[in-house]
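Take a look at the structure below.
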Amino acid sequence: QIFNQHNAEAPNLEQAFHRMAQMEHNLDHDIPWFLLPSYWAKMVVALISFLCFANSYDGDFVFDDSEAIINNKDLRAETPLGDLWYHDFWGSKLSSNTSHKSYRPLTVLTFRMNYLFAGGFYPVGFHVINIILHCTISVLMVDVFSILLGGLQFSNKGRRLNLAPKSSLLAALLFAVHPVHTECVAGIVGRADLLCALFFLLSFLGYCKAFRENKEGHTFSVFWVLVSVVLGAIAMLCKEQGITILGLNAVFDALVINKINLLELIRKLLYKDKSLENAVLLRKGLLFRITLLMCGGASILYIRWRIMGTGPPAFTEVDNPASFADSLFVRAINYNYYYSLNAWLLLCPWWLCFDWSMGCIPLIKSVSDWRIIALAALWFCLIGLICQALCSEDSHKRRILTLGLGFLIIPFLPASNLFFRVGFVVAERVIYLPSIGYCILFTYGFSLLSKQAKKKKILAVAVLGVLLVNVMRCALRSSQWRSEEQLFRSALSVCPLNAKVHYNVGKNLADKGNQSAAIKYYREAVRLNPKYVHAMNNLGNILKERNELHEAEELLSLAVQIQPDFAAAWMNLGIVQNSLRRFEEAEQSYWTAIKHRKKYPDCYYNLGRLYADLNRHIDALNAWRNATVLKPEHSLAWNNMIILLDNTGNLAQAEAVGREALELIPNDHSLMFSLANVLGKSQKYKESEALFLKAIKANPNAASYHGNLAVLYHRWGNLDLAKKHYEVSLKLDPMAPGTKENYNLLRRKLEQLQKKGG
């Protein structure tokens, strides 16, 4: 609703106008809810939204955070800022065939700022920013809901009036405490959705500002329309859904600013009514504004397309099985079932899971599947709401229902599989924005119930109960997102058929050293998904370490048979074959791995170990040199080069390699130790001693460090210090090879010296 009042003669005109507007729009009149001043309403929303997710502030990096943050080179200072505009969300080049094409440079930029300000990967700062963003968005929702539920009106002073203070507070509280938002707030990667939502809302509020009449008397401001387009572009640079705000601004313009009756408009279009152009499209500049929005949106999409390239993102069948179904019927049925699951998560956000892929939701392949009921229920409700939104004689009802459905459906479209394949089945994070529409519909439904109910206080208590339960659920879910162990285990009861859940639980256990328990979950992951090559690879690795080489070989061979370009599995298969002394096959496996992953330093390192075992020293040195070229901080490769050169008598070359390595990795005590050994053999005792002592300071409990320093002192003639370090070495490791013999030799020599001295 637009109203501009210029008569400022009466001092209480603004208050009187506000009262008249509220009488006209009786949504608040029917709601038994708290009436708070705008400032206090926003404070309450901010406080409650903070309480919901505050316990996630000291959580770890979990799940996708590892790839998007810890392993993302775009966060580090050495990566040029310009690269962010040509890389995807995970740090891969957009032109790469393996890129997911998720283009969110502004979100990555905020991660980079977090990393630089904190001086490293400390998750607290990342989590605090997410919590602040959600609180800010929830506060903005008070203003947004006041417009969507109460209409857009300005006072004579140009101030926007809140015509629905009670209903906007209720809707904002519903949004702030919705448990489905936990993934976005407690999961650091969810910042993409939070930043997108922030600029999404700012774009909407900016568009609304365009209709505040200015001093020149113009009915709308082109400047603010353009500002809303720019803010929509920024929202899209945070996450792809942001572009949908331009469509919603157009819908808002048509319904609220121009009060268009959609059903009447459709009739006029069908009957080619000539009055349509003058009556609607040109009224109040609607056509001009929609043209600006369309041109802005088209320009944004074109630039995005040019940067991304024409190739579609690469997803696999396990990511989104319905999209790979041959039958159009199966695809359509399952897509609609996924929509119903998203709707259910909004209505009843009790069963939440970090991942819904890999068998969590089996495909519907027949109309006899009972889950068809969910589709029928969804479309029954949607069609009913659409009919009311189109056909109701109450213009206020038409407007609220249409806006509610618009905000529910339009932001969800990029995740709907209708325009392109997405890389998930259900993702709680993508319904952060659509939940705005749900809150509108819930609040309006509550007002209708309150209007009919005799005991309104009971309804109010029920809604308070819903809010309280949601707050508790948010707090519980936030605590589960604090660590990977809790997060992954919480999914076992929700998605027991999800192979990825079992895989992640197993991986978490393996990282903690509990291999026996990890094997159990990896085996279950492979049972649930017999083509789960990553589970086979990890299980094969554990079995290899437990010396169960034949089963490990079977699993890894099956993995590379299923996915021939799986470089990590080829490398691990080579390691197993090497352990089984099938050297030619191992060499072939290593080279196959390198063929599929050109820059694979670990594979070159293992290839070098194979060549060393075969006494092919030149090939071993070349392989390790390749590893260090690809990964200059590859300490093991450097160490093996030094040791091999030392063992083959090339002391000068070993020393040169050792010095080169320490320049690149100056604090690596193992490199200090290896170089110290070489220097000792070259009779550079003083420098060797200094390196040994530095290595011992870094790692004082290494028996070999003390033992070899003792040998140095022994050769150097510093027998007392030699005795001291032999004794420390034997105390740390009584079975240290050679140390006991050297110590006994030293003792005999000391005894002989004592006798001579006596």
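Positions of Cβ are set from backbone N, Cα and C atoms, glycine also.
Computed from a predicted structure; not experimentally measured.
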Among ranges 131-151, 341-361, whichever one TrEMBL labels transmembrane segment: 131-151
Candidates 188-208, 372-391, 430-449; stretch with most C-beta pairs under 8 Å toward the transmembrane segment (220-237): 188-208
Counts of helix, strand and coil residues, the repeat 'TPR' (499-532), according to DSSP: 27 helix, 0 strand, 7 coil
DSSP-assigned states of the repeat 'TPR' (601-634) in counts, ordered helix, strand, coil: 27 helix, 0 strand, 7 coil
Leading contact stretch, 39-57, 131-151, 243-266, 286-305, 403-424 vs the transmembrane segment (188-208) - CB distance under 8 Å: 131-151
The transmembrane segment (403-424) in contact with the transmembrane segment (39-57), cutoff 8 A, at least 3 CB pairs, sep 6+: no
